[in-house]
Amino acid sequence: MDIPAGDIADRVISLGPASAYRVAFSGGPDSHVLLHALARARHALSAPLSAIHVNHRMHADADAWETHCQAVCQALRIPLTSLRVPEPPPPGAGETWARDWRYRLIAEVLADGECLLTAHHQDDQAETVLLRMLRGSGVDGLAGIPRTRALGRGWIGRPLLEVPRGQLTAYARDHGLYSIDDPANQDWRADRNRIRHDVLPRLLARWPGAAGTIARTGLLAGEASASLGRYAAMLLEGMTSGDRLDGEALSRLPDAEQRLVLRQWLQQQGVVLPDARQLEAARRMLMHGRDDRMPVFHWPGGTVRRYRGWLSLGSADPDPVTASEPVQWLPETDLRLDHGWLRVTRGRDGVAAERLPATGVTVVPRQGGERCRPVGRPTRPVKKLFQEAGVPPWQRRSWPLVMVGDVIAAVPGLCVCEGFQASPQHRGLCFHWDPD
């Protein structure tokens, strides 16, 4: 039995208000059913309906598929936006590459509040949960495909997640819909295709309701994940300073809660999260490694280091490049360097502008061995200033120095040097280093 068009429209409306609905139309059977049903029930929608097609350039017939989508939309009187990946696919490109480009391009054209409707259905959800279960995912992964999520200035809605594939197939048959069959979907070398064409049919043959049951497990995992996320956010409160995490406070939590808080902290930093095994390896290293060895953990999404009891997040590159060429700078606006911003403001305890050359100052990266004389203090190694200020060692090598000739005028954020300070009654130039 197929699903009525009005039922599909009701499911779309239940997702929430949108300024427009835009169907992600590949030309395949599932998205064709979604588009056709909404075209028939467009009077029930509270916002305009249109479609978006992305030409990934991955198949010899990609242009013909785009033409097919244009013809379908024209027949349904649905406006279509066609997008094209600007570069040819690299060797070995697969669905991950295509999906990344697809969402990147669509995010650029979504206007405020617009909803991109995708045709993911119950069987897709079951496949996703099974696949992630086999990969050892936790509750976040087992939550499967979310019903809604943000995308660009708009959002994604998936109204068919509770609808079995069979109902969509019946709808397509009953309405005589001709759709594209991408041969890549038949390649059993892809894990998802093997689950779709082999594993899931075997389960359904023995347990006809298996897809719905597995999908419901994903829903329950999603609820558990949301609850754990709220709990982790509560634990994280008071454990951060800026973008650093208090390792001492973290170490007082049970192991499972340490993992929760670590993951929540990384998620708040907006990085690609480590998988469960990587997260546990990071926890063990950062919690149990000797502090004097400054434990550091690398994964493709970034780097976490422990220094003086605090955890700090860095880029995925374990050895950032330090610029070696001096830069001439008129300190009137902020200066962008390879590894951060050199900021300048006006304030007390700054550098006297009148003591700087008219041609500006020279900004050089630290090389090691430098010495300077902070105002009111004896001459000392710059390294000692870093140690006293608690600057992590991995940030010191790229820390810029403000020079006048061969003399250090200021170490940004740490000190102004003797002979360059502004008088108490004048506002000076205050330099601050903001590393990436």
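Residue numbering: from 1, along the chain as shown.
Cβ coordinates come from backbone N, Cα and C, glycine included.
GLY27 (ATP binding site) carries neither a helix nor a strand DSSP state and counts as coil. Feature annotation from TrEMBL assigns ATP binding site to SER26, GLY27, GLY28, PRO29, ASP30, SER31.
Within the domain 'Lysidine-tRNA(Ile) synthetase C-terminal' (361-433), the DSSP-based counts of helix, strand and coil residues read 12 helix, 30 strand, 31 coil. If you look up TrEMBL, you'll see 361-433 marked as domain 'Lysidine-tRNA(Ile) synthetase C-terminal'.
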*Do any residues at least six apart in sequence from GLY27 (ATP binding site), in the same chain, have a Cβ closer than 8 Å to its Cβ, and if so which, in order?*
HIS53, TRP65, HIS68, CYS69, VAL72, SER179, ILE180
*Which entry in the list of binding-site residues, SER26, SER31, has its Cβ near the fewest other Cβ atoms, using 10 Å as the limit?*
SER26
*For ASP30 (ATP binding site), list the number of other Cβ atoms lying within 10 Å of its Cβ atom.*
22
*Which entry in the list of binding-site residues, GLY28, PRO29, has its Cβ near the fewest other Cβ atoms, using 10 Å as the limit?*
GLY28
*Which residues, in sequence order, are found in the same chain with Cβ within 8 Å of the centroid defined by the Cβ atoms of SER26, GLY27, GLY28, PRO29, ASP30, SER31 at the ATP site, excluding those residues themselves?*
PHE25, HIS32, VAL33, ALA119, SER179, ILE180
